[in-house]
Amino acid sequence: MADKKNLLLLFDHPTEPVFMDKGGNGTVFDVPASYVTDRYNKMCKKVQRRVSGGFEKNVLVKEIPIPDLSCSMRLGRSEQFSLFLESHRQMACHLIDVFIKMPTVDELQSVAVYARDRVNPVLFNYALSVAMLHRSDTKDLGLPAFAQIFPDRFIDSQMLRTMREESFVVERSAARLPVHSSVKYTASDLDVEHRLWYFREDLGVNLHHWHWHLVYPNTAPDRSIVDKDRRGELFYYMHQQIIARYNAERLCNHMARVQPFNNLEEPIAEGYFPKMDSLVASRAFPPRFDNTRLSDVDRPINQLRVGIDDMKRWRERIYEAIHQGYVLDANHKKIVLDDVKGIDILGNIIESSQLTPNKTLYGDLHNKGHILIAFSHDPTNKHLEYAGVMGDASTAMRDPIFYKWHAFIDNLFQEHKRQLSPYTEEDLTFPDVRVQSIQVESQGQVNRLTTFWQESDVDMSRGLDFVPRGHVLARFTHLQHHPFSYTIEVENSSEATRYGYVRIFLAPKLDDGNATMLLEQQRRMMVELDKFVVTMPPGSHTITRDSTESSVTIPFKRTFRNMDNPGEPQNFLCGCGWPQHMLIPKGRAEGLSFELFVMVSNYEDDKVDQKPEDCECSIAASYCGLRDRLYPDRKSMGFPFDRQPRSGSELLEKFLTPNMCSIEVIISHEARTEKIPELPDHS
């Protein structure tokens with residue numbers, strides 16, 4: 001029986017033939033001759049002996065009849081794969097189906113080995129990842145970080161060249177020096193938007209977006225893979241939180257909040273020049289020039305035709321449905337957009353996913369928007385150009401237009417929320433529970449948080465193909481903050497033990513005009529920091545919580561190499577989640593005022609009825625849910641700020657009920673870089 005961990009080796013060196021050594025220790029797959037492509041059939045064994053020497057491990061691949069893979073092979077191996085293209089999603093769907101239906105790990109390994117050298121490498125990675133996440137016999141395996149397998153999605157082409165040079169010239173891994181990523185490679189200070197480079201081009205931020213769409217695919221052969229609990233609502237909330245965080249960073253950098261891209265006929269003022277090459281396509285990611293205008297896309301090669309008029313029509317139909325309070329399914333039956341399921345239904349319509357009740361009527365608004373922008377430089381394939389970064393889930397967040405587009409998408413969801421009745425004081429109050437005070441403490445400072453720059457390494461060697469083996473480190477400069485802790489004083493004046501759900505949010509106190517922010521604006525900038533359950537016996541007591549325990553983030557070591565434990569494996573079971581180092585906004589050198597909000601709601605009202613089993617993936621549940629389980633909160637995502645405030649609550653202080661509290665927190669930024677000590681050169 002095959003060791004299922006060997007499946008992880010199939011992700012390594014994605015453009016090299018499958019029979020080449022994998023895993024960094026000379027492991028090779030003993031591939032049946034009928035599985036080897038015609039080009040290498042006669043030389044396979046000779047190449048294995050040459051590149052692996054005395055290889056340590058030989059993985060036997062069982063020869064089985066191979067299912068029809070022709071659908072998934074329609075996309076060439078050197079072409080660009082995009083989840084935003086429906087034709088590509090269907091190809092991936094077919095391959096996922098093949099992988100899912102293999103009855104044993106042995107047979108899954110066999111068909112995956114066969115497919116690997118015949119299917120587009122990124123499509124293969126995506127399909128095998130989704131299948132392994134959803135098969136009962138492989139879902140406990142930790143997938144390798146996407147950045148380690150396809151580093152070209154996360155670093156510029158010059159850095160890639162330098163890493164290849166370091167790998168080729170310096171034979172011993174221990175003697176190789178990290179290759180530094182420049183912080184100024186996509187634009188100069190003349191570009192105002194470049195002030196946000198540390199957010200848009202952050203490794204962890206882009207990995208989060210890719211991994212979320214991996215965990216929540218919008219198309220799959222088995223509907224249950226897509227139809228996860230509150231999936232559409234999660235699409236709304238996760239992206240809404242990205243926009244809230246982005247707007248906070250804009251205020252930190254003396255910039256106005258992002259303007260939604262409402263008029264598709266207006267030029268896109270911001271250009272973007274990614275400076276990245278696709279190793280699979282052997283092409284540069286195309287740039288987009290300032291003031292580019294969108295036009296209808298007609299690309300038969302991509303089975304793609306979408307017009308601006310289509311987008312307008314879908315938008316108007318969605319707005320009409322929101323105002324009517326219902327959508328129509330494919331049989332013209334009404335589905336009510338109520339205050340519980342409405343947002344979930346809209347999420348699947350607007351994205352749109354396989355769960356949309358009527359794609360013919362409501363279209364494919366979000367996905368096609370990405371495509372219109374991604375092909376704006378070559379909408380008819382006249383110049384044989386591939387999509388820009390907006391066409392790939394792992395690169396889209398690098399582009400300033402991503403945030404304008406998603407601000408527009410978020411406005412659709414907010415229009416639905418405006419139709420709902422505001423929460424009353426009774427809805428918000430937790431009888432007999434009072435939050436008496438809150439404070440945060442960091443490095444001996446109270447209610448003051450500090451950010452700075454930090455250098456961290458990622459081993460990219462598994463994605464560097466056709467170069468000598470051994471570790472090759474990429475060194476990134478990223479935002480970081482000192483860890484902090486919350487102290488919450490709570491009083492339970494009843495005579496019984498109560499269970500509370502602590503909800504912590506952060507939002508700027510002042511708007512871009514330096515005026516106190518009205519709650520209707522501020523609620524959309526409320527960034528969720530944490531959510532957890534507490535037990536409250538009668539009387540007063542203190543709740544403490546560390547920032548590293550956040551329910552929205554994944555641990556730092558899951559984004560970057562842990563320098564204290566360099567031998568720690570880089571495969572991680574639960575890669576979905578906001579990066580811990582980006583938990584709080586950057587702030588300003590002189591300090592910037594934020595309001596920290598804490599609410600303790602009644603957990604008896606909020607809890608979800610499901611068995612209290614240990615969940616393998618319980619981190620980052622706020623943005624990513626729980627694997628194979630219901631979302632762990634009955635309230636609407638973003639509660640209590642997902643609806644308009646009640647009358648008389650124009651400011652946050654007037655919104656508060658006794659079980660809430662808010663304080664001012666100052667976030668300061670220190671313009672220093674915490675560097676990693678350079679290792680001595682033993683070459």
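Backbone N, Cα and C define each Cβ position, glycine as well.
Other Cβ atoms within 10 Å of the Cβ of N25 (N-linked glycosylation site), summed over all protein chains shown, number 11. Here Swiss-Prot flags N25 (among others) as N-linked glycosylation site, drawing on sequence analysis.
The Cβ of H209 (Cu cation A binding site) lies under 8 Å from the Cβ of I242, A393, S394, A396, M397, each on the same chain and at least six residues away in sequence. Sequence annotations record features per position, and here Swiss-Prot assigns Cu cation A binding site to H209, H213, H239 based on similarity to another entry.
Listed in sequence order, N218, G232, F235, H366, N367 are the same-chain residues six or more apart from E351 (active site, proton acceptor) with CB atoms under 8 A from its CB. Annotation source Swiss-Prot lists active site, proton acceptor at E351, citing similarity to another entry.
The annotation N-linked glycosylation site is assigned in Swiss-Prot to N358 (among others) on the grounds of sequence analysis. Counting Cβ atoms from all protein chains shown, N358 (N-linked glycosylation site) has 19 others lying within 10 Å of its own Cβ. Mapped onto three states, the DSSP output places N358 (N-linked glycosylation site) in coil.
Cβ neighbour count for H366 (Cu cation B binding site): 23 (other Cβ atoms within 10 Å of its Cβ, all protein chains included). Positions annotated as Cu cation B binding site by Swiss-Prot: H366, H370, H406.
Its Cβ placed at the centre, N492 (N-linked glycosylation site) has 21 other Cβ atoms within 10 Å. Positions annotated as N-linked glycosylation site by Swiss-Prot: N492 (among others).
In this chain, no residue six or more apart from N514 (N-linked glycosylation site) has a CB-CB distance below 8 Å. Per Swiss-Prot, the feature N-linked glycosylation site maps to N514 (among others); the stated evidence is sequence analysis.
For C574-C617 (among others), the entry in Swiss-Prot reads disulfide bond.
The disulfide bond annotation in Swiss-Prot covers C576-C624 (among others). C576 (disulfide bond) carries neither a helix nor a strand DSSP state and counts as coil.
For the Cu cation B site, the Cβ centre of H366, H370, H406 serves as reference, and the other residues of the chain with Cβ at most 8 Å from it are H239, E351, N367, G369, A396, F402, W405, I409. Note: the Cu cation A site is recorded as H209, H213, H239; in the same chain, H208, W210, W212, F235, M238, I242, A393, A396, M397 also have Cβ atoms within 8 Å of that site's Cβ centroid. According to its DSSP assignment, N25 (N-linked glycosylation site) is coil. With N492 (N-linked glycosylation site) as the anchor, the candidate binding-site residues are H239, H370, H406, and the one with the nearest CA is H239. Rounded to the nearest whole angstrom, the C-alpha distance between H213 (Cu cation A binding site) and C624 (disulfide bond) is 10. The CA atom of C576 (disulfide bond) is located 20 Å away from the CA atom of H406 (Cu cation B binding site).
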